[in-house]
Structure formats: C-alpha cells, structure tokens
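Asks: The structure's right below; bear with me while I get my questions together.
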Amino acid sequence: MGCLFSKERRSGGSDMGVSERIDVSRFQTPQQQTVFHVNNGGNEGTISQLNGTSDGMMGNGRGGGGGGGAQERETLVALYPYDSRADGDLSFQKGDAMYLLDHSNCDWWYVRHQRTGQTGYVPRNFVAKQQTIESEEWYAGKIPRNRAERLVLSSHLPKGTFLIREREADTREFALTIRDTDDQRNGGTVKHYKIKRLDHDQGYFITTRRTFRSLQELVRYYSDVPDGLCCQLTFPAPRLAPTRPDLSHDTQQNWEIPRNQLHLKRKLGDGNFGEVWYGKWRGIVEVAIKTMKPGTMSPEAFLQEAQIMKQCDHPNLVKLYAVCTREEPFYIITEYMINGSLLQYLRTDGSTLGIQALVDMAAQIANGMMYLEERKLVHRDLAARNVLVGDKISGVPVVKVADFGLARKLMEEDIYEARTGAKFPIKWTAPEAATCGNFTVKSDVWSYGILLYEIMTKGQVPYPGMHNREVVEQVELGYRMPMPRGCPEQIYEEVLLKCWDKTPDRRPTFDTLYHFFDDYFVSTQPNYAPPSA
C-alpha cells in the first residue's frame, strides 16, 4: 500500500501570563523584528514538571492523560495556529489562551477558549501548559543533535540563535545549541553546551561558577552576557509545526470516512496495487490518496493492514489518516509529502545534495525503521521509491518511510513467511527472503543497505547490468556491489557490507544504524564545547 510527510514539537511563545520580556529587536532579521518571551514560572513547579510529575508534556507530546477531567483554571497556550476541520474541533491562533477541561485523550484535549468562551477539541501537540518550558519559544523537546543544528542554521538567522533540547543520551540533562556565526555564505558554525542538574534537582548549570533555579533563569542570564559561552543568546530558533495527529478529533476513532469528502486533484503515480493522487479532504487539508485496484484484497485484510499503519506514529513514518472501504476501489488517505518519492528526488532536485545531507537522510530513514524494529514490524519493501520527501530544513529534506502497508507483525519466532507465489523486488530483497520467503527485521536491514546504495549513487538502479536471476545467483555465491563513487569508505565498510552479511543475525540493528549516521560527523569534533573560564 503506497502512502504519501512527527511529530516534532515546536514551541511558540505567548503573551499570556508573561512576567518578563527580553527584547532582541537589535538582532533584526531581514523579514521582521522579533521579540521572544521567557515565562517566569516558579522553580518548584518547573522542576517537578521536568521530573515527569506533571501531566507529561515532554518529548513528542504524548503520555499523561490520566482520569479525564482537569481543573478549569489550568491554562494552556497555543504554540501554533489551528483551523477547525470538523464539528467539535476548536480554531485558535498562536498565543491564544485556553482552559484545559479534559485530558483523557492522549492526542486531543478538550478546552474552553479564554477569550471567546467556545469549547472544543484541540490537537495536544499544538498547545502547552503555561509557565512550563514547553511553552517557551526556545524549547525544542527531544530532538536529535543534527536536527538542532539544522534549526539554528536556517537562513537569515543571526549569530546567537539558540534552542534548548532534551539530550538523547541522558534524558535528565539538557543541551544548549547556539549558532556561533552569522556567515550566510559558509552556513555558520554551531556550539553545544551541556546543561546539568544540581543535586536534589535544585537547579541547573553549564559551569559550576554560576547556577540557576530554572532553565528560564538560565536563558535570561545568558541573553544579557555570554559569560564563557561563544556568544550571547539572541534569538530562539524557529521550528516547523508538528504533523497533525489526525484529520480531526472525530476521525481519530471514526477513520472510515465518506469518499465524497475527498477531492482527487492530481495523479501522482501508479503502482502494483493502484494509483496515488494528490487531493484535499473537505476542500481544506492536503492529503495523498492511494486507490487500490479492485480485487487486490478483501476489506478485512485491507483494514488489518491499515490498522498497522494507523497505530504507527513517528516523525519519520508517513502518517495514515483515514480509509474508504465501503465500496471499491478502496482508498488509503495519508499525509501529503510535497517532494514525492526519494528515488525521483535523488534523480532530479536532489542530484546536487552533498554528503552531509545524504547522511542526514540515511539517519532519518534508520530512525523510522528503528521505530518499526522496536515493535517487531517488518516492512518487506524498503526502497528509495517507498521513502517520501517533504520540505527542507537548512538544505536537508525531511524524509519519511512510506508504503509499509505491506508490513507484518512478527510472531514469537520473529519470522514472517510469505505466501507461495508472492512477488518480491528481487534486487532489494535479502537472500533468505528471496529464496525461502522468510522476512524478518534483518531482511529489512539488507534492504536498507540497498537503499543506501541508491542514496549514495543519487538514484541509480542496484546491480547495474544484471537481471533478477543473475542477482540471486551471484549474491548467493558471495557477490556484493562495489563501493559507489563518492561514497565514504567508512560507510561502505561499516554499513553497506555489514547490512549485506549472509548471516542475518550478524547484520546491524536499526538502532545501531541510526546512531552511526546521527553521530557520523560528530565523531570528528568535540561533542560539547566547554565554557571558557
């Protein structure tokens, strides 16, 4: 099943309940002057919230929820604007304040708008509780180091652009990421500083010479003086709005939708199972629509496959929104990725990408596959044609794994045996899967190695000049494709060849692959800059 764009959380800032304002208008961007705000929340509340004792707004916006009703005076602030898409949803603008009425749903909270008095559901990852670090414009949540660097290096941002993120290696620590130069031609440089906790959660420090009761206090201080950092903090790095959790609150559970709500506007491509279209839901929301050829599978099997996709929620997996199964052809409705398949992108607009962008995309794909690996889901058709490309952040495209409608939940033996007569994309399929039909997470790792070959060659067909039967025979005899031109030797030796190990259990995990690529350029430089004396 083909699909076409995590929930990255973006902090937006607010004028509601702000007790201190830091003016950085002297660092004017070409577009506009910007003022960012620092909430001056109490120390005790901030620390207990960071310990996870509050209602869980950390990370990707999930968790918490508890028993339903909430104190009406608990106030939320909107991080982004949101337009209502259906009855029961509530529209709002960035900075609007709302009272939290019910938080029992992990993706949609029921609120009352402070100004209008209207009630309705809002996507949880579009709001934050006031006077917590999640409501701060500079807080990025749990994002990879390389993503943080791309955010502060976005075009037209000044020296001192910064964010604070939760460290992946130690969730009790934070990291301060700062743009050290504003050289637009050379892209600027970035410094990272560890923010550590004091004993007994009494505060935070970068250097023991100066401690702070809260992260807000730390930001205020270093916005006035660098005091050992590379420069003053000047401007919170802007971040992309997160992916909507669903088309609307109603479609979260009722994801069988009437097909007359869909308008198919432009055909994007054909596949073995049907066509892919660009369209709109209710004339508002851009979506991708996969139409299944009649007779491809039963409604029961179709819904079983779609249920797997519906439950998957990761920034590097395409989000499934809804289905239409009341009549044929069946539809799958997913988020729309503006730049299409990675294969076509590599052959066209992406043909000029440098090694840093290619490595970053490899890390994103491995991150999405790591999510499937953790849930014992096998993709079975991982290839550049089944990875989709969205917008760029600092020159690096956002990529997401798609077409995992073929995915199967592995049983205890960790093997899925394909039915007799099933067809496989031979050049991407591991030997044990091609010859015996045995698919595992490790056969996906083999396919990932072939996908890397596609990335490094900018979309060349694997095993050039060889037909399928020859590929099967030669691979069985030990043949492996040579190192592509321009591919770093370390990537070929430590990743591609290991992904193509004849013994499945000796192939790396996607967790290993993700961290290899995520840390690829970090290994040549100090991980964190020490503050100067």
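Cβ from N, Cα, C; glycine included.
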Asks: Going by what Swiss-Prot says, which of Tyr204, Tyr528 is noted as phosphotyrosine?
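Replies: My reading of Swiss-Prot gives Tyr528.
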Asks: If you check Swiss-Prot for phosphotyrosine, which of Tyr345, Tyr416 comes up?
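Replies: Record annotation (Swiss-Prot, phosphotyrosine): Tyr416.
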Asks: Drop a 10 Å sphere on every Cβ of the binding-site residues Leu268, Val276 and tell me which sphere holds the fewest other Cβ atoms.
Replies: Leu268
Asks: For the domain 'SH2' (138-237), jot down how many residues DSSP puts in helix, in strand and in coil.
Replies: 21 helix, 32 strand, 47 coil
Asks: Any idea what the Cα distance is from Leu268 (ATP binding site) over to Asp381 (active site, proton acceptor), rounded to a whole Å?
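Replies: Their Cα atoms are separated by 20 Å.
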Asks: Calculate the distance in Å between the alpha carbons (Cα) of Val276 (ATP binding site) and Asp381 (active site, proton acceptor), and round it to a whole number.
Replies: 17
Asks: Tell me the residue counts in helix, strand and coil for the domain 'SH3' (71-132), as DSSP assigns them.
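Replies: Summed over the domain 'SH3' (71-132), the classes give 3 helix, 27 strand, 32 coil.
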Asks: Which residues of the same chain, at least 6 positions away in sequence, have a Cβ lying under 8 Å from the Cβ of Asp270 (ATP binding site)?
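Replies: When sequence neighbours closer than 6 are ignored, Asp270 (ATP binding site) has Val276 within Cβ distance under 8 Å.
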